[in-house]
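K.L.:
According to TrEMBL, the protein carries these features:
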| type | residues | note |
| --- | --- | --- |
| DOMAIN | 51-212 | domain 'Fructose-1-6-bisphosphatase class I N-terminal' |
| BINDING | E115, D134, L136 | Mg(2+) 1 binding site |
| BINDING | D134, D137, E299 | Mg(2+) 2 binding site |
| BINDING | D137, G138, S139, S140, N227 | substrate binding site |
| DOMAIN | 219-350 | domain 'Fructose-1-6-bisphosphatase class 1 C-terminal' |
Amino acid sequence: MAGKNAAQDLRCPAAVTGASLKTMTKPYGSSLDDHLDAEVARDASLADTAATIRALAAAAIDVSETVGRGSLAGDLAAQGEHNSDGDVQKALDVIAHKRFMQALEEAPVAQVASEEAEDVVELKPDAPLAVAIDPLDGSSNIGVGMVVGTIFGIRPVTRGEDPNASFLTPGTTQTAAGFVVYGPATTFVVTLGNGTRIFTLDRTDKVFRLTHDAMKIVPTANEYAINASNVRHWDGPVKSFIEDCLRGSEGPRDRDFNMRWTAALVADAQRVLIRGGVFLYPGDNRKGYAQGRLRLLYETAPIAFLIEQAGGAATDGQHRIMERVASKIHERSPLVFGSTEEVECVAKYYDGRQPSAGRSPLFGQRGLMRS
Ligand SMILES: O=P(O)(O)OC[C@H]1O[C@](O)(COP(=O)(O)O)[C@@H](O)[C@@H]1O
Ligand SMILES: [Mg+2]
Ligand SMILES: [Mg+2]
């Protein structure tokens, strides 16, 4: 075949027909609102948590609009002040922080720990809840129009002298956690301790609708996510684990692996939830990275809750993330999460070894890369 006919053959079908369309056109799943009603009916003590999630979801729809307009919304990557972690804030970091704070002011929330605020922000003094939030996750993706998100964890207020007290409790005290992915579709991923679900934004009605019910992460998968540019800074156990993945079917893992890294924790977490695999952001030898890059309260603890509720596991390499207690609100933590067998496998590489001990042949003096 040549010319016009060949070009026509290469074209996508004009319309998707038959069975492949069925799943898209069947009546959509129940709304996030319906789900929250059901959770409160199951456990009345979740009423304030549900109200807070509703407020966060409304803000997420607004942020999704801004992200979706891309450069038409202005220079979303324009640089401003430095945030709590020393990162330069981009315009979208600030827009998202302001919109989520506005939402939380209307919710039964007393305190907020935001990546974009140095100290705990006090809201309604008598309200029962405290929220930790990363208003805009994946900031390095803003300027290139790639996926970004929002992460949050909700826990009860702890009253006392220390304004940080509410946040210095284990991750197991979270009553709910969630993240939003502003990607090709906007998704709202949430748990109130009764499974993890994904709701997808129906842009016509501005409603989040259930698209992935009671998720179950496969126990093992052939995909890992790590920023491999840091290889020379990693500790021995991480080097050894990745080396063995890279050896594929010729190494001790006896199978080939694929690697993915989106530079947005939310997107990597959504992929792991749907397709399985393991994500690693370990501590490394770079200055300031001994505990990795991710923040315990508004990144690793919420993700850990969601992953565990979907049957997966989350550790810092040695301890279950959900049991970790922060000593300050912007504390960092290494993070390894995903399919249980893969997370257990990483833990075995750490077993009995100090994080900085050991060297793998691939990355050591006689490593493959240098031979
Ligand atoms: O640039 P790196 O070191 O690969 O780090 C990427 C990681 O940093 C983060 O972007 C940190 O989030 P923020 O954008 O909220 O600071 C994660 O989403 C992502 O997993
Ligand atoms: Mg983040
Ligand atoms: Mg952020």
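Any Cβ shown, glycine's included, is placed from N, Cα and C.
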K.L.:
Out of E115, D134, D137, which of the binding-site residues is least crowded by other Cβ atoms within 10 Å?
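P.N.:
E115, out of the binding-site residues E115, D134, D137, has the fewest neighbouring Cβ atoms within 10 Å.
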K.L.:
Have a look at the binding-site residues G138, S140, N227 and say which one has the shortest Cα distance to E299 (Mg(2+) 2 binding site).
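P.N.:
Comparing Cα positions, the closest of these binding-site residues turns out to be G138.
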K.L.:
Taking the Cβ of L136 (Mg(2+) 1 binding site) as the centre, count every other Cβ atom within 10 Å, in any protein chain shown.
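P.N.:
For L136 (Mg(2+) 1 binding site), the count of other Cβ atoms within 10 Å is 30.
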K.L.:
Per DSSP, what is the residue count of the domain 'Fructose-1-6-bisphosphatase class 1 C-terminal' (219-350) in each of helix, strand and coil?
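P.N.:
The breakdown for the domain 'Fructose-1-6-bisphosphatase class 1 C-terminal' (219-350) reads 59 helix, 21 strand, 52 coil.
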K.L.:
So which of the binding-site residues D134, L136, D137, S139, N227, E299 sit close to ligand 2, that is, with a CB under 6 Å from an atom of it?
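P.N.:
Close enough to ligand 2 are D134, D137, E299.
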K.L.:
Just the binding-site residues from E115, G138, N227 whose C-beta lies under 6 Å from any atom of ligand 3, please, or none if there are none.
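P.N.:
The qualifying binding-site residues are E115.
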K.L.:
State the Cα to Cα distance, in Å, between N227 (substrate binding site) and L136 (Mg(2+) 1 binding site), rounded to an integer.
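P.N.:
Between the alpha carbons of N227 (substrate binding site) and L136 (Mg(2+) 1 binding site) there are 20 Å.
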K.L.:
According to DSSP, folded down to helix, strand and coil, what is D134 (Mg(2+) 1 binding site)?
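P.N.:
D134 (Mg(2+) 1 binding site) sits in a strand per DSSP.
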